[in-house]
Every structure is written in structure tokens, then in C-alpha cells.
Amino acid sequence: MTNKAHSQGSKKTIQGSMPAIVTPMFEDGSLDYPGLRALLDWHVSEGSDGIVIVGTSGESPTVSVEEHCELIRVTVEQIAGRIPVIAGTGGNSTQEAIELTHFAKKVGADASLQVVPYYNKPTQEGMYAHFKKIAESVDLPVILYNVPGRTVADMAGDTVVRLAGVPGIIGIKDATGSLERGTLLINDLKRAGHHEFSVFSGDDLTAAMLMLMGGHGNISVTANVAPRLMHELCVAAMSDDVKRTREIQYQLIAVHKAMFIEANPIPVKWALHEMGKITAGIRLPLTPLSSSLREPLKAALKQANLL
């Protein structure tokens, strides 16, 4: 596939399987930085093509600004240039997003992930102005993040096409879960001449199909527990190997579904703890996985040969 997003400066290619990594915590809710370092090394060894830190799966709403910055710093330090680091620095305050993005740039992140502002429900023009301001304020590549199931505000395809023309905005994580919307967006971007703008899936169930239709990778929850398989899935789908894509997708489909039997990242953190990869902590208002759902999740992991 020739269309690849690149981070400015380092020119690292941003594509393929990028886990939206969890934030390891001790049972008292304090952050487990040694555990994070070990988890990052595991992802590199298992073939992950990039790391997204402090996103939805990383419990970004419940870490302090100081913790947010330290998570980015530790991740960049531990990865040490081996794969791209995409820092979740978005929010519903434009100025705060700019400040966090400045920090990410300073410590060496390769790009930023900027969520559609939530709660304050901006108009399409407000979204455009918000993302444009961030891109103009910090010399760090911006990946847009549309996840209307969480933000309520939903960025229209026309707005994405407009933003694709803003220097520094290099792609979007489309977490609408709509294959129709994703493929139409890819087509609209091509028709508008934005051939270097990347569309990443943010929905594991539909990611394989979106990549077969021209998507450039997957910012994934499932990749937290199956990094090698998700890397192989992205390679297969992006090289039009339909047979191998289908094989891996069916191996993982129960896991894709199980990752959302309760609100993300509750199931994925429980799964990683069960796999021996992280400590057991999670922060309120999120709570540990309901006991009645543990066996079904364990069964999905076993079905995919992850346990």
C-alpha cells in the first residue's frame, strides 16, 4: 500500500496495528510505570507497528495532567524510537489540548491523537476550528479521532475532508463502527485529492474490511491482548491477502466482541491481568469486570489461543 502517514521530523511510517494501550495500575489505582515499560517491550517484541498512549483504553479521563504527561514521557523513553508513539493529547478544551500536545512534541512523540471534543457538543465549524488551531499551534502530526459513541458530537465526512487540507493533519481514527461511513470517507478523500491522508479503523470488528477497502491500519483494543495476530491481520488486509485476513479475523472475532462486554477498558484490563501481563488496578468510576462475565471472556481468549 503506497499511502502511508509519516510523522514530521522523524519520518516514521504510521500504519498497521497500533494498540490503544491500557495504563497498568496497582490495586490502589496508582500507576504501575515498571509494568508499563514491560508491556511496551512485549508489544515491540510481538510486532505492534505503533503505540497509542493515554487514549480511551488508557483511562485518559481519570489520569491527572501530571500523570498524563509522565505516561507519554515514559512511553517515548521506553520505546526509544523502535516504533512510532502516538500520544493521546485531545480533549474538550482547545487550549488544554494544545498544551498537552506541546509536551508530547517536547518529549519526542511521533504524532498526537485528537479526539472530537466531548460534552460541550461543538458544531462542525467548531470542530474544524478546534483541530485547525491545534495543528497550527504545535509542529506535531495530528490524527483526528471520531468516536461518537463516547463524545456524542459526531464529525461529518465533509469536515474530515476539509481538515485533510490543513497542514499537519495526517489522518483519522474512525471509531464509528460503520463500514459504510469508513469506505465513503476513503473515497471522498481520494476524490478530493488527499491521497496522503490516512484512515485508521478504531473498531476491531470492522477493521479488516476497512483495510481491504483501502484503510491504513487499526488503532485497536484487541491488539492489547493479541498483538502478533493483529499485526498479521493488518499485514494481510493491507496487502489484499483475503484468505489470510479471513482466517485471522475468524480466529479473533469472539475476542473482538468480548472486549466490549462491559465498557472499555474493563474487559481488556481483566484479560491482560488473566494473561499475567499487568497488575489488577482500574480507577473509579470504572470497576473490575463483573464476575458473571469472566468465564465468557476467558472462553473467548482460549478460543483464540491467547490463554
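Any Cβ shown, glycine's included, is placed from N, Cα and C.
As annotated by Swiss-Prot, active site, proton donor/acceptor applies to Y145, with the evidence given as sequence analysis. Swiss-Prot lists K173 with the feature active site, schiff-base intermediate with substrate, giving sequence analysis as the kind of evidence. Sequence annotations record features per position, and here Swiss-Prot assigns pyruvate binding site to S57, I219. Feature annotation from Swiss-Prot assigns site 'Part of a proton relay during catalysis' to T56, Y119.
Here the features listed in Swiss-Prot are painted onto the structure.
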residue	record	Cβ contacts under 8 Å, 6 or more apart
T56	site 'Part of a proton relay during catalysis'	A20, G88, V115, V147, R150, N264, P265
S57	pyruvate binding site	P19, A20, I21, V22, V221, N224, N264, P265, V268
Y119	site 'Part of a proton relay during catalysis'	N92, T151, V152
Y145	active site, proton donor/acceptor	G55, G90, L113, Q114, V115, V116, I172, K173, A175, G202
I219	pyruvate binding site	M18, P19, A20, V52, G55, I86, L113, K173, A175, F200, S201, G202
Number of Cβ atoms other than its own within 10 Å, given for the residue listed as 'active site, schiff-base intermediate with substrate':
26
For Y145 (active site, proton donor/acceptor), which of the three DSSP-derived states applies: helix, strand, or coil?
strand
Using DSSP reduced to three states, classify K173 (active site, schiff-base intermediate with substrate) as helix, strand or coil.
strand
